[in-house]
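Listed features, source TrEMBL:
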TRANSMEM  22-47  transmembrane segment
DOMAIN    40-289  domain 'G-protein coupled receptors family 1 profile'
TRANSMEM  59-78  transmembrane segment
TRANSMEM  98-119  transmembrane segment
TRANSMEM  140-161  transmembrane segment
TRANSMEM  204-224  transmembrane segment
TRANSMEM  236-254  transmembrane segment
TRANSMEM  274-292  transmembrane segment
Amino acid sequence: MEEWNQTTTGFFLLGLFPPTKIGLLLFLLVILIFLIAFLGNSTMILLIWMDCHLHTPMYFLLSQLSLMDLMYICSTVPKMAVNFLSSENSISLMGCGFQSVCFLIMACAEGLLLASMAYDRYAAICRPLHYPILMNKRMCLLMIAGSWVTSSINSIFHTVYAFSMPYCKSRIINHFFCDIPAMVPLACKDTWAYEYTVLFSTNLFLLVPFLGIMASYGRVLYAVHRMRSSQGKKKAFTTCSTHLTVVTFYYAPFVYTYLRPPSLRSPEEDKNLAVFYTILTPMLNPIIYSLRNKEVLGAFQRVFGRSLSQKE
C-alpha cells in the first residue's frame, strides 16, 4: 500500500455514537455529564483557592486533581461534540497531536497524583506527629511538579514517536479521540518494539502507583482498626473510602484496557471503557469529594453564602 503524507492530512474519528435518535440521546447525556464535570471541578478549584480552611496539603492535592479532570474532559468531549453535530469526523494532524499529548499528560499525572494523595492519608493517619514535616509545602510542590513533569516527558515521547510513524493502512481511528493504542494498528511498519514501550509506560504510570496506593491504604486500614476512638475511626474510614472510590473508578477500566495483551483487546471495547476514565470519572470526582466531605460543604456555604450576603 502507498504511504500517505502525514504532514498534509489528518485522521478520521469514528466517534462514540451512531447518527440515530438513540445516539442523539446518548450524546445529550454526555453533554450533560460534561457540563456537570466542568461546573463541579471549577467549583472545587474556586472553593479551595478562596477558603482558607481548605489551605492544607490534602486539599491542595485535590485542587490539582480537579484541574487535571477539567483539562481531561475538555481535551476530548468538545471535539467529539463538534464532529457529531457536523457529521464530519475529520481531525487535523495538529488537533490529533494536541489531543494525544493532553490525554497522556492527564492520564499519567492523575495516576501519580492519586498515589500522592494516598501517601498524604498514610502520613496523616499513621504518622500524625510527623505529618507537618512529611507533608510540608515543599513536599506538596515536589509531588505536583513531579507528576506534571514526568507525565509531560512521557506524553511528548509517545506522541512524537506515534506521529513519526508512516500510516498506510487507513486514516480511520475507531475511537472518539486520538488514542495512540488505537492509532498504532494503522501504521504500515512493525510496531512490536513500540508496543513494549507502551506496556512499560503503563506499568510505570499505572501499575506502580496503584501498588503504592494499595500499600498505603493497607497500612491506613490497619491503623484505623487499632484506633480506640470510634469517632476517629469513622472520620478516617470516611476519608479513606472516598479516596478508594475515586481510585477504583479511575484505575479499574485503565488497567483492564492497557494491561491486557493486544490479542485480547477489541477497538469497540477499548472505546467504551475509555468513557469511564475520560468522561465519567471527571464528573464523579468532585461529586464524591463534596457530598461526602463536611469540610468542602462548609467551605461552599462560607464562600457562596458570603457572596450572596454581599450582593444583598
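Note: Cβ is positioned from N, Cα and C throughout, glycine not excepted.
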Ranked first among 59-78, 140-161, 204-224, 236-254 for CB pairs under 8 angstroms with the transmembrane segment (274-292): 236-254
Average model confidence [pLDDT] within the domain 'G-protein coupled receptors family 1 profile' (40-289): 86
Beyond the flanks of the transmembrane segment (22-47) by at least 6 residues, Cβ under 8 Å: 16, 54, 62-63, 66-67, 69-70, 73-74, 77, 80-81, 84, 279-280, 282-283, 285-287, 289-290, 296, 299-300, 303
